[in-house]
Amino acid sequence: MLGRSLLALLPFVGLAFSQSASQFTDPTTGFQFTGITDPVHDVTYGFVFPPLATSGAQSTEFIGEVVAPIASKWIGIALGGAMNNDLLLVAWANGNQIVSSTRWATGYVQPTAYTGTATLTTLPETTINSTHWKWVFRCQGCTEWNNGGGIDVTSQGVLAWAFSNVAVDDPSDPQSTFSEHTDFGFFGIDYSTAHSANYQNYLNGDSGNPTTTSTKPTSTSSSVTTGPTVSATPYDYIIVGAGPGGIIAADRLSEAGKKVLLLERGGPSTKQTGGTYVAPWATSSGLTKFDIPGLFESLFTDSNPFWWCKDITVFAGCLVGGGTSVNGALYWYPNDGDFSSSVGWPSSWTNHAPYTSKLSSRLPSTDHPSTDGQRYLEQSFNVVSQLLKGQGYNQATINDNPNYKDHVFGYSAFDFLNGKRAGPVATYLQTALARPNFTFKTNVMVSNVVRNGSQILGVQTNDPTLGPNGFIPVTPKGRVILSAGAFGTSRILFQSGIGPTDMIQTVQSNPTAAAALPPQNQWINLPVGMNAQDNPSINLVFTHPSIDAYENWADVWSNPRPADAAQYLANQSGVFAGASPKLNFWRAYSGSDGFTRYAQGTVRPGAASVNSSLPYNASQIFTITVYLSTGIQSRGRIGIDAALRGTVLTPPWLVNPVDKTVLLQALHDVVSNIGSIPGLTMITPDVTQTLEEYVDAYDPATMNSNHWVSSTTIGSSPQSAVVDSNVKVFGTNNLFIVDAGIIPHLPTGNPQGTLMSAAEQAAAKILALAGGP
């Protein structure tokens, strides 16, 4: 009988397959519950509560239902969504009766009998037959626990279930021991809509005329924070990573009225975010290393570089703003080619102009960042502009015509505002923070998304104050957005059972991370980390008698030139209002394979290193860095190692021989007329080494520009891409990515401008996609 009853029940609970609770009616009893059916094990969980009290305390009881196949040897429910410090209900079939108990655990050990006041009563509607067992029960004293924790029946929360196909040790004993569950999962529930005016009728065995009340009390609480157990607050959108993609998405989604949680694994950066890492000479201002543009080069020489991610083997920023808080801040509005279908963007993305316009209106670029409108330390610009004019280049204000990228040079452009580093932190994040529906948490690391098949239930964090054991759920139609950067997002996907099998198996070999993996039959095979790109870059070092190398930036943190420091502190003007880059240039090259490649150059006083047999004046050195960008064909692979550190598995630099040929041609062209500039000498490489020999000997690690894209690329097929045209991860219902990993091909300039325009467009597409909150 129960088997047919369950089949009749399935149409009513079909909506619950998304693993966010919805209402259904048991066709045998007529009782109306709120719950889910787990599609993997075909177990139904339902709950109904007494009517909400209009005054005074709420009732602490409910009626629950579990319908499970006979193969389910025991079922567990964690009322707070976690095993530890959470009221647990355990039940199994023993012959013609259901055996049940309330349990408690303070660690990942065998739960023991709960010593509180909760009372379980099996109701007469309980049935067992040859295929299924149904347990209908009353749980009194079950929403408030003796340790001070509980669930808030007026708000939203999360429940966890446990399933085992291994029988308990003594089925006749309610306190029997048993082996660890063979599977578990979570689901979100809106308790405020799970109350029924017919609750007393249900206790009397009468369904009455089932109606539910969805009226909320005038005052609600979203979480219970007393005691060691915390009930999680669900969000419409949980965004992982406060880099440029995450911040822009958070601002636009909260602007649309969505309840948004933004999580950042690192801490504050700029003064505005609560940062306090201030140079000794700048203490009166409170402006940090991340505020003052002229301190950029000191990021790489500091003895305590806490801002770099310690579990990623390349430079990656783990702080508010991500890479935009620690990069050189070069900022180029994308050109039409950067969003072309020819480089991999879906046709629906090619009209980037409205989104780039939204970006530039919020965050305009400047090529004269000093507040007095003057440019400083421009000697290298003057020298190289002469060199480039001799090669047929024209000078322009680069961002006035983003499509002009051949034989053009101009002053370096930045996303600084008022003489300080700005980017999305000073703009988009600030408007988001002003909204009551936006929550921002720092120093919270997300290890994985928690999912049941294709449905993401929430995220697992290291912060137990935000949810049971750190789990934070999304609302029934909620979504998760990963914006943790190319390496961070890839690792989260691997640890969530999404990606190439070898990467998930690497997670499986880690005893800590393996416990959070979904069952192998729920792994999603996608090319995460494949096809990664980064600009190969080569440094050429020169001297010229007019150059001021600015002590190679060595003294800017502890002992700057007094006049420059004083000028900056007075009104954010002068040398310290700008970063080290002074000039940028581009040139297009036709490769022998038919692809047009673009070379970009960046000029700055000083040098990261000098390797020369020639005598030289260190106070007169400057660097031209030459990159290859759009059109490059080389790709590599990023992933994780056995310690789960993000790392480069297959280097992507100059794998394609034509890429190398074009880069060498660009290097030769840059120095082709060096003799026409009196006093200009190239010292790295010097006369003892050809450019070919120099490139062949170049350390690949220093060829890395940290402009990683395409690791979770956008596309039309899960065989070749990770996200679809709505930036939704293939094989999932509600997981999205908004960071540089979705960019299918290197843009013509430094990628942060393209990324931020893409984030504007991604946020719009996510909001427009049906089925969301």
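Just so you know, the numbers here start at 1 and follow the chain as drawn.
Note: Cβ is positioned from N, Cα and C throughout, glycine not excepted.
The annotation region 'Heme domain' is assigned in Swiss-Prot to 19-208.
The pyrrolidone carboxylic acid annotation in Swiss-Prot covers Q19 and is backed by experimental evidence.
The DSSP secondary structure for H181 (heme binding site) is coil. Residues near H181 (heme binding site) in space but far in sequence (CB under 8 A, at least 6 apart, same chain), listed by position: G76, A162, F163, S164. The heme binding site feature in Swiss-Prot is assigned to M83, H181.
Sequence annotations record features per position, and here Swiss-Prot assigns region 'Disordered' to 203-227.
Residues annotated as compositional bias 'Low complexity' in Swiss-Prot: 210-227.
According to Swiss-Prot, the feature region 'Oxidoreductase' maps to 235-773.
D236 (FAD binding site): 21 other CB atoms within 10 A of its CB, across all protein chains. The FAD binding site annotation in Swiss-Prot covers 236-265.
For H707 (active site, proton acceptor), other Cβ atoms within 10 Å of its Cβ number 23. Among the features that Swiss-Prot reports, active site, proton acceptor is placed at H707.
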>> Mean pLDDT for the region 'Heme domain' (19-208), rounded to an integer?
In response: 91
> Which whole-number value in Å describes the distance between the Cα atoms of E264 (FAD binding site) and H707 (active site, proton acceptor)?
Replying inline: 20
> Tell me, how many other CB atoms lie within 10 A of the CB of I248 (FAD binding site), whichever protein chain they belong to?
Replying inline: 32
>> My understanding is the cutoff is Cβ-Cβ under 8 Å with a sequence separation of 6 or more in the same chain; which residues meet that for V260 (FAD binding site)?
In response: Y235, D236, Y237, I238, I239, A250, L253, S254, A432, N437, F438, T439
> Looking at the binding-site residues M83, V240, A256, which sits with the largest number of other Cβ atoms within 10 Å of its Cβ?
Replying inline: V240
> Three-state secondary structure of A256 (FAD binding site) from DSSP?
Replying inline: coil
> Per residue, counting other C-beta atoms within 10 angstroms of the C-beta, which of the binding-site residues P244, R252, E264 reaches the highest number?
Replying inline: P244
>> Going by Cα-Cα distance, which of the binding-site residues (M83, P244, I248, R252, A256) sits nearest to H707 (active site, proton acceptor)?
In response: P244
> How far is it from M83 (heme binding site) to I248 (FAD binding site), counting Cα to Cα, in Å?
Replying inline: 35
